[in-house]
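Here is the structure we will look at, set down as structure tokens.
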Amino acid sequence: MKNLEGNNHSDPVSEFILLGFPCTWEVQIFLFSLFSVIYVLTLTGNLCIICAVWWDHHLHTPMYILLANFSFLEVWYVTSTVPSMLANFLSETKTISFSGCFLQFYFFFSMGTTETFFLSAMAFDRYLAICRPLHYPTVMPVQRCIKMGACCWVCGFSCFLLPVYLISQLPFCGPNIIDHFLCDPGPLMKLSCVPAPATEIICATFNSVLIFSTFLFITSSYTLVIRAVLRVPSAEGRHKAFSTCGSHLAVVSLFYGSIMVMYVSPTAGNPAGIQKIVTLFYSVMTPLFNPLIYSLRNKEMKEALRKLFRNAIFGQRKPLKN
């Protein structure tokens with residue numbers, strides 16, 4: 001494995017070494033097989049949700065349009081890290097180019113940022129549907145929902161331009177070993193030849209503001225939703241509302257719980273292995289769990305998926321109208 005520690009530190013780094021999960025070859029093969037299966041299942045689950053929403057006209061509503069966008073995001077979110085991680089399991093050098101490292105950094109964290117915006121949009125949609133049901137059709141028509149989704153994508157991919165630019169401008173002259181399976185800003189900044197406290201403060205402030213502002217917005221929305229649901233006289237109505245919101249809250253808890261441990265709590269003293277496990281959970285496992293959470297707790301989605309599979313088996317290609 002190439003190491004630049006012994007080289008002249010005036011030479012700029014042209015590539016990094018992602019250590020990933022150092023272990024024996026047999027364990028590497030096992031991990032490669034395990035994460036390959038997880039990746040395929042994640043793609044399959046999220047693509048099924050996208051197809052169900054696309055084909056079933058009953059699901060052409062703001063809630064399911066946002067859910068389809070969210071599933072599409074999860075497909076690319078997991079794709080930004082898992083294929084390169086799988087390649088590293090089979091690689092002897094485990095290298096990634098300088099530009100490739102920062103491209104992965106940008107796309108991974110941009111999609112993570114976009115996810116926070118979509119979770120906020122989905123919470124706002126549920127707030128309007130349950131707390132303002134009479135105004136919901138006029139406040140949240142499908143066209144406005146599509147614009148909201150587009151805004152989430154644009155804002156998510158715009159926000160992380162500054163942190164990526166600032167870190168990419170730091171001087172990297174060796175060593176070039178990143179004890180992680182992806183190009184994370186923390187390990188990257190530690191490899192800089194000179195201290196960069198201003199960049200560290202800017203990145204930490206950016207992460208904290210983004211995470212806490214969206215999390216507070218989501219929790220506030222669902223607090224109002226729960227209060228409204230508790231006033232519903234019908235037990236069946238309360239159950240249906242709690243079932244829908246429960247899926248959203250489960251996804252929010254999984255995602256925000258792990259990223260707060262990673263980027264808000266003081267993790268500098270934690271072993272690199274703990275940081276890898278936490279990152280693995282929110283970057284690989286939550287995209288796997290999300291389709292299960294939404295499909296298992298939602299009757300309309302389960303029915304749409306059954307229709308989709310039935311039509312796929314019998315070779316029917318017409319839209320699902322019934």
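A Cβ is built for glycine as well, from the same backbone N, Cα and C atoms used for every other residue.
TrEMBL annotations:
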{"type": "TRANSMEM", "residues": "29-55", "note": "transmembrane segment"}
{"type": "DOMAIN", "residues": "45-294", "note": "domain 'G-protein coupled receptors family 1 profile'"}
{"type": "TRANSMEM", "residues": "67-90", "note": "transmembrane segment"}
{"type": "TRANSMEM", "residues": "102-124", "note": "transmembrane segment"}
{"type": "TRANSMEM", "residues": "145-167", "note": "transmembrane segment"}
{"type": "TRANSMEM", "residues": "209-230", "note": "transmembrane segment"}
{"type": "TRANSMEM", "residues": "242-265", "note": "transmembrane segment"}
{"type": "TRANSMEM", "residues": "277-296", "note": "transmembrane segment"}
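It is 102-124 that, among the stretches 29-55, 67-90, 102-124, 145-167, forms the most Cβ pairs under 8 Å with the transmembrane segment (209-230). Averaged across the domain 'G-protein coupled receptors family 1 profile' (45-294), the predicted model reaches a pLDDT of 87. Non-local neighbours of the transmembrane segment (145-167) in the same chain are 62, 65-66, 69, 102, 105-106, 109-111, 113-118, 121, 125, 185, 188-189, 199, 202-203, 206, 210; each lies 6+ residues outside the stretch with a CB under 8 Å from one of its CB atoms. Away from its own ends, the transmembrane segment (67-90) comes close to residues 18, 20-21, 28-29, 31-32, 35-36, 38-39, 42-43, 46-47, 49-50, 53-54, 96, 104, 107-108, 111-112, 114-115, 118-119, 122, 149, 152-153, 181-182, 283-284, 287-288, 290-291, 294 of its chain (Cβ-Cβ under 8 Å, at least six residues beyond either end).
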